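Chemist: Take this structure, written in structure tokens, and hold onto it; I'll ask about it next.
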Amino acid sequence: MSPLMLRLLPLLCIIISAHFVPRPETSPSLVYEIGSTVTFHCRLNTTTNIQSVSWYNKSRLISNHEIQNMDNLSFTDDGYVFIHELNKINNLDVDSKLYFHIKHDRTTSLLKIKARSAYDATCLTCTFTVDNEKTSATSCLKLIMKPIVVLYFRYLNNFLDVTCTVTSYPKPNVVIKFLGEVYKRDIPMVRQNENGSSTVSVSFTFKRRTKLEFVGKTISCLASSWFTNQKASALVTSGEHTVQNHDEYSKEAVKGSNSDETVFTWIVPLILILIISVMVLLISMCIVAFKS
């Protein structure tokens, strides 16, 4: 290497290092239940010359921290400082915080959102601006809802009528297990709920030869949804019975399902009334026209 290159090498290293901005570290994928408070983490291994930290949902700005003067910050003995907090931006409720940890030369940005429905699953990008250069990383959120399983059975004359209803996200696979056999429908009844979850219902009837043939036998409703399995089981009695799995689930998820069911409850009778009214009107018009 020539003497000139040797003399220029330190200068080149300084120039390169001055413009090198490390890439932020973040979890590439997060999995939470619907109704949870989701925390996105974004960390940059430097605390030098940071001008701003921003979070974007696609191209929409949802959080922005601007650092005016790092020299005026006061740090604790362990080099840890909380600098900024935001609670609302662009009419969106967020909980956004920015931390510096000088001892470990690390800057961390936290963004919390409330995942109220399956439609809140998204990808967020955090962007650090350092020395007028931007560096970004993206974290994607996947939402699930553990199956809520309800098993119901009753007798209709000489038949045991069994219904298994499951609400979850993604849409669950549902089967009924009885007397050592597994029963499933190729096309079950499916209802889409307000929060994005699905309610799947499967029904079967079993003929009994004697009145007490099925009493004391175990019947189960099995549900699977995205690596999650749930079930509700009961011993068949001589009368009507309902059983539900006892796992905790989000209130938001239940609210979404119930609200959708309420809408369904009043819409169907209203449609029937309208149809009957139209038919009565048409019949009346026909009678008048015939008489005239």
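Quick reminder: no glycine exception, Cβ is built from N, Cα and C everywhere.
Relevant sequence annotations retrieved from Swiss-Prot are reproduced here:
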- 1-18: signal peptide (SIGNAL)
- 24-136: domain 'Ig-like V-type' (DOMAIN)
- C42-C126: disulfide bond (DISULFID)
- N45: N-linked glycosylation site (CARBOHYD)
- N57: N-linked glycosylation site (CARBOHYD)
- N72: N-linked glycosylation site (CARBOHYD)
- 147-237: domain 'Ig-like C2-type' (DOMAIN)
- N195: N-linked glycosylation site (CARBOHYD)
- 263-283: transmembrane segment (TRANSMEM)
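Please situate the listed features within the shown structure.
Modeler: Per-residue pLDDT, averaged over the domain 'Ig-like V-type' (24-136), rounds to 82.
Secondary structure at C126 (disulfide bond), taken from DSSP and collapsed to helix, strand or coil, is strand.
Every protein chain considered, the tally of other Cβ atoms within 10 Å of the Cβ of N45 (N-linked glycosylation site) stands at 12.
N57 (N-linked glycosylation site) falls within a strand segment according to DSSP.
Other C-beta atoms found within 10 angstroms of the C-beta of N195 (N-linked glycosylation site) number 26, with every protein chain shown included.
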Chemist: Round to a whole number and give the Cα-to-Cα distance in Å for the pair N57 (N-linked glycosylation site) and C126 (disulfide bond).
Modeler: 9
Chemist: Would you mind reading off the Cα separation of N195 (N-linked glycosylation site) from C126 (disulfide bond), to the nearest angstrom?
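Modeler: Rounded to the nearest whole number, the Cα-Cα distance is 27 Å.
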Chemist: In terms of DSSP three-state secondary structure, what is the assignment for C42 (disulfide bond)?
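Modeler: DSSP call for C42 (disulfide bond): strand.
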